[in-house]
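Here is the structure we will look at.
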Amino acid sequence: MIYAGILAGGIGSRMGNVPLPKQFLSLQGKPIIIHTVEKFLMYKDFDEIIIATPQKWINYMLDLLNNYQLDDKKIKVIQGGDDRNHSIMNIIESIEQHKKLNDEDIIVTHDAVRPFLTNRIIRENVEYASQYGAVDTVVNAVDTIISSNDAQFISGIPIRSEMYQGQTPQTFKIKELKDSYLSLTQSQKEILTDACKILVELGKPVKLVKGELFNIKITTPYDLKVANSIITGAVDND
């Protein structure tokens, strides 16, 4: 079985003084998250699409799905967690309430505020996760990356050709991800907030899938302006 987990737990503090969490803001006349859900519905192999959102916004999300005629039977809205990984675990728990997981079940996790993912990205995530167990979507780093231990002086300049910027989706064999997460101590859970990093720290392989520069995460007013420019350019979905 193939599941999608759309992570819509953020409140959008970096977006400034806005009336709604960032995932519900309008992008070309339609909420950002609706664009994202539509992209997932275009990939026909999902058995279930689960949206994790703050408790007080669940009914709002359900109303949006109804208003945009996306009340598909495969879509479910649940309460998100305190952080990203907690939300993913809530999604997995939701799946387990009605299905016994097997070793090959896969979950494609994705930021609700990345509405420009493509069918190609989803397809390759699923294919490689089936083969390797875990996948991260990345793009090559364009700028030179500088590291600093004190925010005052350079402590290192990594080789740019070895640097990538992480995007989403991140895709996993569900049982492997859950078992890895549950093996962590509480302090490790607080530090390892990225699901792929959990597997890397445990010495497990994570396959790279090529993302797209336009697969941006909308977290600031500038990002929203860029997103509006992208969408008016009619970016293809494949």
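Think of each number as a place in line: the chain as shown, counted from 1.
Using the three backbone atoms N, Cα and C, a Cβ is placed for every residue, glycine included.
Per Swiss-Prot, the features are as follows:
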BINDING   LEU7, ALA8, GLY9, GLY10, GLY81, ASP82, ASP83, ARG84, ASN85, HIS86, SER87  CTP binding site
SITE      ARG14  site 'Transition state stabilizer'
SITE      LYS22  site 'Transition state stabilizer'
SITE      ARG160  site 'Positions ribitol 5-phosphate for the nucleophilic attack'
SITE      LYS217  site 'Positions ribitol 5-phosphate for the nucleophilic attack'
Cβ neighbour count within 10 Å of ARG160 (site 'Positions ribitol 5-phosphate for the nucleophilic attack'): 12
Where LEU7 (CTP binding site) sits in the secondary structure, as DSSP reduces it to three classes: strand
Rounded Cα-Cα span from ASP83 (CTP binding site) to LYS217 (site 'Positions ribitol 5-phosphate for the nucleophilic attack'), Å: 17
Rounded inter-Cα distance in Å - ASP83 (CTP binding site), LYS22 (site 'Transition state stabilizer'): 16
DSSP three-state assignment for SER87 (CTP binding site): helix
C-beta crowding around LYS22 (site 'Transition state stabilizer'), within 10 angstroms: 25
Pairwise Cα distance for LYS22 (site 'Transition state stabilizer')/LEU7 (CTP binding site) [Å, integer]: 12
